[in-house]
Amino acid sequence: MEFNSSQQIVFVLHGLNVTQTNKHIYFSLTLILYIVTIFVNLILIVTIFLEKMLHEPMYLFLCNLCINGIYGASAFYPKILYDLLFDSHVITYPGCMTQILVIYSYAFCEFTSLTVMAYDRYVAICKPLQYHSIMTTRKVWTLLLLTWLFSWLESSIGMGLTARLPLCGIDIDKLYCSNWAVVKLSCVDTTLNNLYGFILTFSHVSQTILILISYVNIIKASLRSRVQRKKFMQTCLPHLITLTNFTISLTFDVMYARYGSNTSLLALRNIMAVEFLVVPPLVNPIIYGMKLTQIRNRVAQIYIDNFHL
């Protein structure tokens with residue numbers, strides 16, 4: 001059956017399957033995860049904002065990564081918490097499209113931010129004497145603005161291509177709305193959507209290649225100097241961990257959404273579907289907070305000052 005109006009469509013989310021007893025446990029754990037995610041990201045954002053010594057390109061890019069982490073987590077957690085609390089498994093068409101827009105723009109922004117951060121580390125380690133002349137304040141803010149604009153543009157085009165499709169189903173086998181899950185419900189040919197998906201894949205694979213090239217040069221430069229090796233361990237290692245974590249999480253979700261089996265364990269499907277929305281926003285600020293000495297010392301100082309007060 002083809003639906004006459006997209007405004008009348010209410011999707012049914014089938015990813016959530018918990019008993020009445022377990023529902024409260026899952027709600028509590030999910031709420032704690034969301035609060036901790038917001039808290040650890042806000043700590044880094046506030047610390048970087050308050051500490052003038054941290055108003056450098058690397059820390060501003062890190063601050064942007066934390067803001068994006070809150071943005072992405074907030075596209076997922078409130079809805080799943082509502083579903084657990086009120087035993088709701090539905091979402092309206094406009095709500096679904098909005099969730100798709102925010103989640104995908106978060107993912108694209110995360111990847112583009114990590115690419116920009118790799119470029120920043122490349123200039124810092126491979127061209128240290130030219131660093132401040134290359135990474136000017138104006139250039140940093142331009143890169144941040146372009147990161148968000150580029151991500152929103154990519155997501156908006158994808159959502160527009162999906163919104164034009166007439167749908168013949170309302171069942172989404174996921175905890176949240178995803179673009180491919182809605183495209184699969186279409187009554188018509190989706191070649192254009194597939195083509196755009198391949199364009200996006202090529203774009204972000206190209207970013208990955210640029211990051212790898214940057215790090216090949218960074219590692220070469222680091223081997224020449226003990227100071228550069230120390231800088232690599234302090235500033236580049238967290239970036240590599242963050243990049244690897246996010247890339248693996250996102251790849252799992254994309255590959256499983258397209259080629260995974262719906263007959264596999266529900267718990268496994270859910271974990272693979274939400275990993276890129278849950279793990280990076282929670283882990284990134286912790287990794288950077290532990291590895292970057294200036295941030296770690298400043299957070300400790302704020303804690304000590306407040307404790308004494």
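Indices start at 1 and increase along the chain as displayed.
Cβ coordinates come from backbone N, Cα and C, glycine included.
TrEMBL lists 40-288 with the feature domain 'G-protein coupled receptors family 1 profile'. According to TrEMBL, the transmembrane segment annotation covers 25-50, 57-77, 97-119, 140-161, 195-219, 240-259, 271-288.
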Which bits of the chain, at least 6 residues beyond where the transmembrane segment (57-77) starts or stops, bring a Cβ under 8 A of a Cβ in it?
30, 33-34, 37-38, 41-42, 44-45, 48-49, 99, 102-103, 106-107, 109-110, 113-114, 116-117, 120-121, 124, 135, 140, 143-144, 147, 175-176, 235, 242, 274, 277-278, 280-282, 284-285, 288, 292, 294-295
On the 0 to 100 pLDDT scale, where does the domain 'G-protein coupled receptors family 1 profile' (40-288) sit on average?
86
